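K.L.:
Pasting in a structure now, in structure tokens, and then I'll have a few things to ask.
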Amino acid sequence: MPHPPSLPETPSVPQIAHPSRSQPLTTDADHPDAPLPIEQPYRDDTSQPPYDQLVRYEPRPIDEDEDVAAEAARPRTAWRAKLRVFWLQNKGMFLVLMAQMFGASMNVMTQLLEIHSSMHPFQVLFARMSITAVACYLYMWYAKVPAPFGTRPVLKLLLLRAVSGFLGVYGLYYSVQYLPLSEATVITFLAPILTCYACSLLIPGETFSRRQQLAAIVSLIGVVLIARPFSKRDGAGTTADDESPDDADTYHHVLATIVASVGVLGGAGAYTSIRMIGRRAHPLVSVTYFSSVTTVISVVAMAVLPGVPFRLPSTVTEWSLLTGLGVCGFLLQFLLTAGLSYVPPACVRGSRSSSQGSKATNMVFTQMLFALFYDKVVWGSTLAPVSWAGSVLILACAVYVAVAQEEHQAEHPAKTEEGDGDGEDDGRFKDGDDEEAEVAARE
């Protein structure tokens with residue numbers, strides 16, 4: 001029987017022994033596969049205190065408990081909430097403060113244009129208010145402000161605010177030609193006193209006591225001291241290069257004081273109108289009416305008055321000053337109107353709701369500080385002792401009237417809780433402060 005064919009022999013493959021089975025572990029400490037030594041200086045080696053200290057006090061793991069992380073973040077959230085509530089309670093004051101800074105900057109630019117460039121106040125008003133009006137219309141179109149031309153219930157108040165504002169700003173622009181900026185500014189502080197008196201007649205819950213009336217009379221003495229009608233001022237010995245408001249003669253100095261006092265009446269009418277309008281119109285609507293009416297009056301004055309021709313800026317400096325004047329004027333009017341008409345949300349108002357308007361009005365007095373700064377830096381002048389006395393009288397009386405008004409409103413919050421203005425606030429012009437205040441109160 002034949003044998004089956006045998007399979008070809010395959011070459012034998014040498015078996016590779018696994019190092020862990022057939023070979024001993026290497027003992028070379030420098031080998032990369034060398035195991036760690038059994039006895040390590042991990043916690044018991046006192047020869048390396050820094051390393052031992054790091055090992056014994058290991059840091060906590062990154063993914064710690066969520067409650068611990070929330071507890072660590074809670075103080076920061078409470079701090080932000082308190083800051084937000086403080087801002088909502090005092091927003092009107094800070095808006096008016098910023099407005100005074102831009103207002104003082106605008107006034108010193110006006111002085112430079114009227115004194116060094118010989119521009120008439122109507123020419124400066126036209127340049128400033130035309131820029132402000134265009135900026136207002138463009139911003140209202142961009143922001144889609146509701147009722148850009150106002151509503152029927154407040155139309156007359158808007159027109160009154162515009163005409164009164166023109167009288168106020170013209171009185172100021174005329175007076176800064178012949179008065180130092182600080183003197184012209186302190187005279188405008190009579191406007192809040194008259195505003196409190198007008199509001200006591202027109203707004204329910206507002207009063208004007210006999211002491212406040214006495215303070216108003218004393219403030220008029222301060223105006224007389226600033227005017228110095230019996231002091232001799234000839235204005236001689238000056239040139240066009242070193243001319244300044246201090247160089248005016250007695251006639252122009254007294255005339256500027258009288259015109260500034262007439263401007264105070266206009267300013268008081270503007271403040272009162274803003275208080276009566278309240279939140280029934282967007283702040284930009286009020287600024288637009290004021291700038292548009294002032295622009296129209298300035299154009300008519302330049303066309304009718306023979307000594308006031310239409311004049312465009314002729315140098316780069318004049319163009320720069322007029323541009324800065326328009327920007328500062330827009331910011332002044334917008335921030336001032338927004339600050340005076342601001343009402344804190346109900347959830348953060350508390351028992352001090354009735355004093356918010358007076359607090360915002362008090363910040364108008366801070367413009368005196370900016371005016372003194374510009375008088376010293378730009379013109380290198382300071383107030384005379386008699387002017388200091390008159391300024392202190394006006395400032396003290398204005399502060400007293402404002403503080404007394406605030407104390408009265410704090411004692412009778414029920415009468416002023418309804419807010420300023422004739423008519424109910426429909427809430428159409430709220431800017432989200434109510435929702436933000438509710439979130440802050442919850443936090």
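Placement of Cβ uses the backbone N, Cα and C atoms for every residue, glycine included.
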K.L.:
Of 251-272, 361-382, which range does TrEMBL call transmembrane segment?
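P.N.:
That would be 251-272, the stretch labelled transmembrane segment in TrEMBL.
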K.L.:
For the transmembrane segment (154-173) and the transmembrane segment (319-340), does the number of C-beta pairs under 8 Å, pairs 6 or more apart in sequence, reach 3 or more?
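P.N.:
With fewer than 3 qualifying Cβ pairs, these stretches do not touch.
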K.L.:
So what's near the transmembrane segment (125-142) in sequence-distant terms, Cβ-Cβ under 8 Å and 6+ beyond its ends?
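P.N.:
Distant Cβ neighbours of the transmembrane segment (125-142) are 106, 148, 169-170, 173, 282, 284-285, 287-288, 290-292, 294-295, 298-299, 302, 313, 322-323, 325-327, 329-330, 333.
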K.L.:
So, taking each listed stretch (185-202, 251-272, 319-340) in turn and counting its Cβ pairs to the transmembrane segment (92-113) that are under 8 angstroms, which one gives the highest count?
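P.N.:
Per the Cβ under 8 Å count, 319-340.
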